[in-house]
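The structure appears right after this line, and notes come after that.
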Amino acid sequence: MLSILKKLFGTANDRTVKKLFSEITKINSLEPAIQKLSDEELKNKTVEFKEKLKNGATLDDIVYEAFAVVREAAKRVCGMRHFDVQLIGGLILHRGMITEMRTGEGKTLVATLPAYLNALTGKGVHVVTVNDYLARRDSASMGKIYNFLGLSVGCIVGGMPDEVKRAAYNADITHATNNELGFDYLRDNMKYSLQERVLRPFNFAIIDEVDSILIDEARTPLVISGPVNDNAELYGKIDKIVRLLNASDFEKDEKLKTINLTETGITHIESLLSKESIIKPDTSLYDFENLTLVHYVNQALRAHNMFTVNVDYLVREGKVMIIDEFTGRVMEGRRYSEGLHQALEAKENVKIQNENQTLASITFQNYFRNYPKLSGMTGTAMTEAPELKDIYNLDVVAVPTHNKVTRLDLDDEIYGSKKEKYDAILKLIRDCYDRGQPILVGTISIEKSEELSSVLNKEKIPHKVLNAKFHEQEAFIIAQAGRFKAVTIATNMAGRGTDIMLGGNPEMLIEQLDKAHNYEAKVAEIKAQIAEEKKQVIEAGGLFVIGTERHESRRIDNQLRGRSGRQGDPGKTKFFLSLDDDLMRIFASDRISGVLRTLGLKDGEAIHHPMISRSLEKAQQKVEGHNYEMRKNLLRFDDVMNDQRKIIYEQRTEIIKSKDSHGFLNSTTEELAQKIVLTFMPVGSYREDWDIENLSVELHRVFSIKFDHNVVSKNDVTEEEITKTVIQMAHDIYKSKEEAYSSELMHNAVKYILLTTLDQVWKDHLYSLDHLRQGISLRAYGQKDPLSEYKREAFNLFEQMLNNLKELFIQTVYHFHIDLKNVQKEDVSLEYKKLQKNMRESREDPAFSKYNAGSSIETDLKPVVSRIDPKDRNPDDPTSWGRVSRNELCPCGSGKKYKYCHGANE
């Protein structure tokens, strides 16, 4: 019934596109008049549009004329005229939606339309790409159009100094990678003045390859971190022990990607740990004193049994480097968290780096939701449309192709074993190679690509391998994959964003030429050669794309298919599968094996059957659904931290903007003074119950006040009067500092101390949240909702953090001291500037431009010791307690508050 209705009325997508086509006529009707304009008149249109916006017009009032202007500018500057379908794509992007356009349909050119229009407001537009190469390429090629029309263009790539970045972000249109944008946002919120920040307020972003960034990378948070402790030796010891375990000692679930020790495994590993003197004899791995070891053992088990070298990671130059499962690219600078990376380093016998503590983090989900207006483009988004709508409130519209797709997608071939599958793939590659038809072979891992490469080497078939190991050559190799007799093996979607042109890409070959020797003649020769090869390739059938396995996501399979048949070119695609493939083995083996038995599969034979294709699609949908729920669950938890992050970042900005820091200082001084007095002199208590001794100690610790016991000797003195006296004494101490150091220095110092203290307690808080997240799922066993428990406890931790902030801030301000012996009074304000400069330089350490920023946060203030989860504290070992709040019960088990027990002398 539904299919009949769709045929009668069309889908919602069809109706949207039809409506957009009617709008395109308005743009086309303006073209004759725009064509008559001189270059100068065309450029002046930008000034005219800005004036209209200033006088109250909206972007929608000028959208058709602005698009017509960009189309004409592109034609004059680049020799490219936007097709009608590209104009539709531009309207979709301008309206804050995602446009799905096939490979080769010119998405890069499409982005110029909404980018130009929205940049007219002067608030900036970010065009987001997945790597530095594409950011540079697109800003250089499309920047010519923007510059012609009088707009400025910036490009952001890794490793740029702040002043260069700031200028690029202040441009009308900025091309940047998603990673750099996210990290610059985090780094900006660790800066100490607004002038040091590089980003402007969020306005409008256009994300290229939007599915890759908002879906594939959604589960990977951006983290700036620093090392916390050195347990390298312990990781090494545990690794050696885990290698001695038997297969019966643990159980693993490949679907859920979990691994656990069995009862026999626990007994076995306990004996091994005891033998190595890591645990005491006759104690259990799960005894309180040994609980921290469980984490090390679990991560070592995962490293050895759930992670494979050259599939999940590779080892390069003595470092373990993560491979992106969707693109096959190395994720430069990223490290697995929670000790997993250290476990992998121990497994591969390379230098074990310190574990890291989070200093700042954000997911792409929450970063991109900061933009008031967001849009994106990709060749494959319809399969993920529900998720994009649910999480980002982005609708997806599929735009028809300019030329009819002539590519032929052949049925899958299923074989009984991997060897039979490879034999069939080799036969097809040989046939295509002999007739000159270019072939692109897609694999799901480096290991598989190198395995296939070795087979082709034995058969003496020339080929190129494109995977994470050759990232630098990625764009060039993929661009030439359409040449006559070319055979290219690519890991997943490596080279995405670069078109495969039949016959080859002449521009990239020309870039390699030496301009000093016969340059023009060589250019002409290359163009003639490419034109000839294009004819030969078209006669041979175009690009043949071979998939060696189905991916977990249908979208990734569609991306691979989409490399062939660009702009109406001929081409073919075909997937070869076997029962040994991961997807078949883990998710669809039982169902498909039954079908194959019914059909009677023989050795070397391939099966083509719609029932198998449907079973595979169901398996993929099941995995996609599972991954979607994981991303959604991550977002639910991350939203808790995101709400807190927004509060902290907003407060930080307010502090930086503040011209008077005394307001917070005075209110906090009064609040803490009252709190301390009432702690030792409770309301309604008898005078003999007042603890004047400890009141004096506490006032000196917090305010540096030397409290005179005679103040309370009067018979009629009240708690309120003593509180007022304490507050006045604190104000007097601060006033004396102003007289000694100058009001300007103290104002700046208070602001600086407040910022550094906020950073310290926030870092500490993130560490506590990390610990909370790691164990919160276990609450489900107690019939409690982990998310509700996480929200409740995270709120409590946040309140505790704010209390710690106040106490540490006040304590530091009132103990703040500059040695004036060798400093003239008129130069004292320079001391603060020097202090501030040192802080800024430590934060701008080159390590901070890396994903894993290293320990570059240092101040002249006493560092705050990290908070430790209470269950990880050893009552007999104060060094294991971390920082303990003064009003907490002492971890030693005495039942006293910490400040009256082990913390009495602090």
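Just so you know, glycine gets a Cβ as well, placed from its N, Cα and C.
Model, not experiment: these values are computed from the prediction.
Feature annotation from Swiss-Prot assigns ATP binding site to Q86, G104, E105, G106, K107, T108, D499; the stated evidence is sequence analysis. Note on D499 (ATP binding site): other Cβ atoms within 10 Å of its Cβ, all shown chains, come to 18. In three-state terms derived from DSSP, D499 (ATP binding site) belongs to neither a helical nor a strand segment and is classed as coil.
Swiss-Prot lists 862-886 with the feature region 'Disordered'.
Taken from Swiss-Prot, the feature Zn(2+) binding site applies to C890, C892, C901, H902. Counting Cβ atoms from all protein chains shown, H902 (Zn(2+) binding site) has 16 others lying within 10 Å of its own Cβ. The secondary structure of H902 (Zn(2+) binding site), as reduced to three states from DSSP, is coil rather than helix or strand.
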Assigned conformation of K107 (ATP binding site) - DSSP reduced to three states: helix
Residue with minimal Cβ packing [other Cβ atoms within 10 Å] among the binding-site residues C890, C892: C892
Rounded Cα-Cα span from H902 (Zn(2+) binding site) to G106 (ATP binding site), Å: 68
T108 (ATP binding site): tally of other CB atoms within 10 A of its CB: 19
Residues within 8 Å of the Q86, G104, E105, G106, K107, T108, D499 Cβ centre (excluding the ATP site residues themselves): M101, T103, L109, V110
Where C890 (Zn(2+) binding site) sits in the secondary structure, as DSSP reduces it to three classes: coil
Coarse DSSP state, helix versus strand versus coil, of Q86 (ATP binding site): helix
